[in-house]
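Here's the structure we're looking at; comments come further down.
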Amino acid sequence: KNQYDQAIENYENALTHGLDDAKPTQINIANLYNNLGDSYYNNKQYNKAIEYYEKALKIWLDIFGTNHSIVANSYYNLGISYNDNNQYDKAIEHYEKALKINLDIFGTNHSDVANSYYNLGISYNYNGQYDKAIEHYEK
């Protein structure tokens with residue numbers, strides 16, 4: 001068992017038993033889902049990562065609405081997972097959502113915005129959309 005397998009087991013136990021023992025907040029549950037997504041992603045189990053990132057995103061959207069940095073981060077995590085799972089159209093879709101939120105919150109001069117442009121460039125490049133890739137790299 002590697003460290004990510006152990007982390008996955010621990011987070012799943014926390015979800016199962018934590019729900020019985022206490023009244024967890026939605027934020028705690030979303031954090032557990034997000035941490036499971038991170039662990040599956042780091043274990044290169046991208047479909048499982050996507051599943052848990054989606055669960056976290058749904059809760060974040062319910063709590064914070066569409067224009068919050070934690071929601072942008074969830075879209076970004078999904079973008080990375082889809083990209084590494086060779087689902088470039090879906091990666092682009094999620095990076096675009098993250099970028100829009102980050103531009104609204106931070107403006108153009110922020111590392112989250114730069115990362116979104118860079119990763120959009122990567123996904124466009126892998127998707128064979130070279131002009132769009134260059135356009136995003138230049139931003």
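The first residue you see is number 1, and the count goes up from there.
Backbone N, Cα and C atoms are what each Cβ position is placed from, and that goes for glycine too.
Looking just at the repeat 'TPR' (30-63), the mean pLDDT is 96. The repeat 'TPR' annotation in TrEMBL covers 30-63 (among others).
Tertiary proximity for the repeat 'TPR' (72-105) is limited to same-chain residues at least six positions away from its ends with a CB under 8 Å from its CB atoms, namely 34, 37-38, 41, 44, 46-47, 49-50, 53-54, 56-57, 60, 66, 112-113, 115-117, 119-120, 122-124, 126-127. For 72-105 (among others), the entry in TrEMBL reads repeat 'TPR'.
The repeat 'TPR' annotation in TrEMBL covers 114-139 (among others). Per DSSP, the secondary structure of the repeat 'TPR' (114-139) breaks down as 22 helix, 0 strand, 4 coil.
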If one takes Cβ-Cβ under 8 Å and requires six or more residues beyond its ends, the residues near the repeat 'TPR' (114-139) are 76, 79-80, 83, 86, 88-89, 91-92, 95-96, 98-99, 102
